[in-house]
Amino acid sequence: MLLALSQWIAEDIRAFNVFSYITLRTMLAALTALSISFLIGPAMIRSLTARKVGQSVRNDGPQSHLIKAGTPTMGGTLILTAVIVTTLLWADLSNRYIWVVSLTTLGFGAIGWVDDYRKVIQRNSKGLSASSKFFWQSIIALLVAVYLAMTADLPQHTEMIVPFFKEVAIPLGTFLFIVLTYLVIVGTSNAVNLTDGLDGLAIMPTVMISGALAIFAYVAGHAVFAKYLGIPHIPNAGELAVFCGALTGAGLAFLWFNTYPAEVFMGDVGALALGAALGVITVIVRQEIVLVIMGGVFVMEALSVMIQVASYKLFGQRVFRMAPLHHHYELKGWKENQVVVRFWIITLILVLIGLSTLKLR
């Protein structure tokens, strides 16, 4: 929107051509989303509190969590509002990737919103059934996967890139590309949701990974940089850096309210949407393996749940004191802030390793 306006003004005032630079618009998007979140955040939290949109707490969890009961949830609507409004303002709205990512984010956010609404507004403790959630997640993810497969311009746009090796890629073909895309989007969405169990635990890794994906998107969309770094050139993917900038800014602002002791939780509306956004951006810029590296905390959290369930069903024993993994460490005696900050540190290290794959080939 503002890009189109600046291009129109630039016909008379050439200085406005500066807004055509993706790097500038990415920074402005981060600042805009940050500002929007800070402006409307307090009012939204007050509204959620007044409506008694409070979080329920598991009785079988750490006893320290009982004080969290009643804390406003569905704060993910704040993040989504800031991200989408900012994207509409600063991104090139003729770019199809912007719409793919935005609509995917909103779609998964809608699933999470319905789940949260049923749990906290209608007082239905089960919320949206697991099968219903999985069904709608699958529908959206498959639609996105098929669309990306059908619109892939070159064979390398559907290859799996192997990091740390120069020009090593695994041809997937249409079917395997669709399967991989589906797994990445649905898997990342649910992994972020599982991680969102402590104050600030999920949002900061999301911010760090989003910032890294902004760099991957920018270089993938730049023919010269992509060739130099030995990664696939994805025309027009650079515009996704603007979306990532908005997500980074909105996420940092949300952390202001979500840090311990949290004033608001993001709820499924935020966690499912943010995970899906990271997943679909990763697929577009062809960095699925790198996402597994950078999102190691999300991977560990999801695996801990799968291992716990499988072990109990098969052998009647639990591997962890409690799943997801962050609760295991709490029950071992770690304070909540210790778990959160240590997981942040792990994510920072993994993100730096992920970024190093751009050069270490």
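Cβ atoms are placed via backbone N, Cα and C, with glycine included.
Annotated features in Swiss-Prot:
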TRANSMEM  28-48  transmembrane segment
TRANSMEM  73-93  transmembrane segment
TRANSMEM  97-117  transmembrane segment
TRANSMEM  134-154  transmembrane segment
TRANSMEM  168-188  transmembrane segment
TRANSMEM  200-220  transmembrane segment
TRANSMEM  237-257  transmembrane segment
TRANSMEM  264-284  transmembrane segment
TRANSMEM  289-309  transmembrane segment
TRANSMEM  338-358  transmembrane segment
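When each of 134-154, 168-188, 264-284 is scored by its Cβ pairs under 8 Å to the transmembrane segment (200-220), the top-ranked stretch turns out to be 264-284. Remote same-chain partners of the transmembrane segment (237-257), defined as residues 6 or more beyond its termini with a Cβ less than 8 Å from a stretch Cβ, comprise 22-23, 25-34, 36-38, 41, 45, 75, 78-79, 82-83, 86-87, 90-92, 95, 97-98, 101-102, 200, 203-204, 206-207, 210-211, 213-215, 217-218, 220-222, 263-264, 266, 270, 274, 277, 281, 284-285. Most Cβ pairs within less than 8 Å of the transmembrane segment (134-154), among stretches 28-48, 97-117, 264-284, 289-309, 338-358, belong to 97-117. Among the recorded stretches 28-48, 168-188, 264-284, 338-358, the one sharing the largest number of Cβ pairs closer than 8 Å with the transmembrane segment (97-117) is 264-284. 264-284 is the stretch from 73-93, 264-284, 338-358 with the greatest number of Cβ pairs below 8 Å to the transmembrane segment (168-188).
With a cut-off of 8 Å between Cβ atoms, the residues of this chain six or more beyond the transmembrane segment (264-284) that come close are 44-45, 48, 55, 71-80, 83, 97, 100-101, 104-109, 111-113, 115-116, 120, 127, 137, 140-141, 144-145, 148, 180-181, 184-193, 195-196, 202-203, 206, 209-210, 213, 217, 234, 237, 240, 243-244, 247, 251, 254, 257-258, 290-291, 295, 298.
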